[in-house]
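Swiss-Prot annotations:
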| type | residues | note |
| --- | --- | --- |
| DISULFID | C52-C66 | disulfide bond |
| DISULFID | C59-C70 | disulfide bond |
| DISULFID | C65-C75 | disulfide bond |
| SIGNAL | 1-19 | signal peptide |
Amino acid sequence: MEKLTILLLLAAVLVLAQALIKKGGGEKRQKEKINFLSKRKTTAESWWEGECSGWSVYCTSDPECCSGECSSYYCELW
């Protein structure tokens, strides 16, 4: 009977430890996600650094424009 009690306690400790480890990993992933999102630049920053084209500039695809919309080979206003 004592062996069974010890085994049950050991199993409970292992399950608890596993749950704590998984919880810690989840917090790390949340921080990574927040860091990824905070690294994004605003439209104004992208335009200022020349990473996208402003309104009425020649374009061939949507990602080239700060507004994200290339229509009839020119960037839309927004």
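Each Cβ is built from the backbone N, Cα and C atoms, and glycine gets one as well.
Keep in mind the model is a prediction, meaning the values are calculated, not measured.
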Smallest Cα-Cα separation from C52 (disulfide bond) among the disulfide-bonded residues C59, C65, C70 is shown by C65
Quick note, C65 (disulfide bond): same-chain residues at least 6 apart with CB under 8 Å of its CB -> C52, S53, V57, C59, C75, E76
Going by C-beta under 8 A and a gap of 6 or more residues, the same-chain neighbours of C70 (disulfide bond) are C59, T60, S61, D62, E64, E76
Using a 10 Å radius on the Cβ of C75 (disulfide bond), the other Cβ atoms enclosed count 22
Other C-beta atoms within 10 angstroms of the C-beta of C59 (disulfide bond) total 20
